[in-house]
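Notes for the one structure printed next.
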């Protein structure tokens with residue numbers, strides 16, 4: 001029966017963070033009342049730093065007022081996790097799905113998001129892994145390539161994952177990514193010697209990895 005479940009995917013290009021947040025809130029509300037099916041937003045953001053529920057301001061290494069000079073914004077969210085960066089050439093996936101319908105608990109869901117990024121990396125010959133104790137997200141050696149931060153309300157998910165295709169990694173110098181000290185960041189571009197396809201292709205592959213792990217029978221793609 002689970003193989004008959006359908007997934008709706010919105011391909012959205014580059015979207016302002018607050019606009020995407022408002023859309024997630026609307027879709028999450030609609031999903032709770034079954035107005036929409038399970039839905040994934042596949043997009044990228046302009047340069048943006050986000051703080052999770054922990055509000056660990058000390059992990060932002062520059063004064064907030066200086067962020068405009070580097071062309072970035074800072075926003076506060078209710079997702080789990082610490083501070084992270086979003087920017088162009090980073091695949092962002094926001095699933096708005098019913099965990100009850102999928103049959104997963106919160107921890108297993110987070111592990112599934114990580115596994116989708118690990119599988120994507122493996123398509124390009126990159127050996128990635130989940131974080132060890134005290135680490136979140138997905139790593140290549142001691143460098144982080146993918147982040148996870150979710151919010152779950154009444155069994156419906158929002159926020160999600162971010163996977164570094166080829167973002168400007170200099171932006172990460174201004175934060176302690178996810179609050180983990182003495183660790184670096186990396187990207188698919190840095191870790192593979194292959195010529196990468198367009199970002200849109202890689203993002204579709206990431207969605208397909210996640211959809212397969214969550215056992216959706218069909219994907220309905222929409223360009224927004």
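Each residue, glycine too, has its Cβ placed from N, Cα and C.
As given in TrEMBL:
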- 34-218: domain 'BPL/LPL catalytic' (DOMAIN)
- 79, 80, 81, 82, 83, 84, 85, 86, 147, 148, 149, 160, 161, 162: substrate binding site (BINDING)
- 144: site 'Lowers pKa of active site Cys' (SITE)
- 178: active site, acyl-thioester intermediate (ACT_SITE)
List the Cα distance (Å, whole number) between residue 85 (substrate binding site) and residue 144 (site 'Lowers pKa of active site Cys').
12
Could you tell me which of these binding-site residues, 83, 147, 161, has the greatest number of Cβ atoms within 10 Å of its own Cβ?
147
When each of the recorded positions 79, 144 is scored by other CB atoms within 10 A, the minimum falls on 79
For residue 81 (substrate binding site), what is the tally of other C-beta atoms lying within 10 angstroms of its C-beta?
23
Nearest-integer angstrom distance between the alpha carbons (Cα) of residue 81 (substrate binding site) and residue 144 (site 'Lowers pKa of active site Cys'):
14
Restricting to the domain 'BPL/LPL catalytic' (34-218), what is the model's mean pLDDT?
91
Count the Cβ atoms, other than its own, that fall within 10 Å of the Cβ of residue 85 (substrate binding site), considering every protein chain shown.
25
